[in-house]
Amino acid sequence: MLDAAQKNGYAYPAINITSIVTANAALKAFADAKSDGIIQVSTGGGQFASGLNVNDAAFGAIVLAEAVHRLAEKYDILVALHTDHCHPEKVDSFLRPLLDESRARKEKGLGPLFNSHMFDGSVVDLDENMKISAELLKECVELDIILEIEAGCVGGEEDGHDTSGLPAEKLYTTPDDMLQVYETLNPIGRFMFAATFGNVHGAYKPGSVKLKPTILRDGQKVVMDKYGAEAEMDLVFHGGSGTSAEDLQETLDYGVIKMNIDTDTQYAFTRPIVTHMCENIEGVLKIDGEVGNKKVYDPRGYLKKAEASVAARLVQACDELKSSGNTIYSA
Ligand SMILES: [Zn+2]
């Protein structure tokens, strides 16, 4: 999938899922757009999916991944499973149990549970980040898993991780950083790289985010000037919500093959539910001793609307990232 996207100048939307409803929305969108795509689970998403009493991020991620493996059998598109930001303090409780799960599957002759994982070492200095990233990538390679890493910091707040107080220069990865990442990780195996170019997590009004996609171009150039065209790295765009199609498409020219989308699809989920509640307020509530209207308070009614709305937003992402119509499922 990464080779196909890199060769043909498109990127995959990577949507964060937290439930069967959002998983089905993602699969519907990719199938409707005839696009391959990436479904990912964050630590918070895994925790949520495991239920209030269990509250275990790795366990919830395993449950969601197993469900997606089965659901995806019904579709003629490829879906890669990925886990989102894992900071160093969560490697032992989140990443390692997931790698163990893939190891157990491998022993049974199956493929890995997740096709890729993200280790986010952007909170420590780059040398330490690369040391841990290299160790994890070695383990991943043995299991046919790709590792996504981050250098530089994505701004904003996501899943309880807040970087909004950081100095502005931390939001831009330097060409030297990109070279160091390439030289450390390329000899070990395939990796994806969330280099930062002013991108932020969360929702912002137009004009308040200063993206500098040329940061990606300049970093790739330093690496490719030294190691040749085949050294072009697989870059990841975090914080894709609220970005114009023009800005998105500029990054495709610089080697972006994955764009994370979460905030916009969260809103797309909630928006039709708000309409449903407002239009059916007398039925979804039991007012003045009445019994309400089961037809409108059955959660399936409004969750189907949420599923369709998330899928529509994700089809838009496939169109903007030019993955629509490009599935390599039968190739
Ligand atoms: Zn992110």
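Heads up, the Cβ atoms here are built off N, Cα and C, so glycines get one too.
TrEMBL lists H85, H201 as binding Zn(2+) 1, and of H117, H238 the one it places in that same site is H238. Among the candidates G202, G289, G292, the residue that TrEMBL names alongside G239, G240, S241, N260, I261, D262, T263 for the dihydroxyacetone phosphate site is G202.
Taking the mean position of the Cβ atoms of H85, H201, H238 as the Zn(2+) 1 site, the remaining same-chain residues with a Cβ inside 8 Å of that point are D84, D120, E150, V154, G156, E158, D159, H161, A194, G239, N260, D262. Under 6 Å, Cβ to nearest atom of ligand 1: this is the test, and of the binding-site residues G202, H238, N260 it is passed by H238, N260.
A Cβ within 8 Å of the Cβ centre of G202, G239, G240, S241, N260, I261, D262, T263, the residues given for dihydroxyacetone phosphate, is found for these other residues of the same chain: E158, H201, H238, G242, D264. The closest partner of G202 (dihydroxyacetone phosphate binding site) among the recorded positions, by CA position, is H238; the full candidate set was D84, H85, D120, H238.
Sequence-distant contacts of H238 (Zn(2+) 1 binding site), defined by Cβ-Cβ distance under 8 angstroms and a gap of at least six in the same chain, are E150, V154, A194, T196, N199, H201, N260. In the three-state DSSP scheme, E150 (Zn(2+) 2 binding site) is classed as strand. Under a cutoff of 8 A between CB atoms, and with a sequence separation of 6+ in the same chain, the neighbours of S241 (dihydroxyacetone phosphate binding site) are G202, A203, I261, D262, T263, D264, T265.
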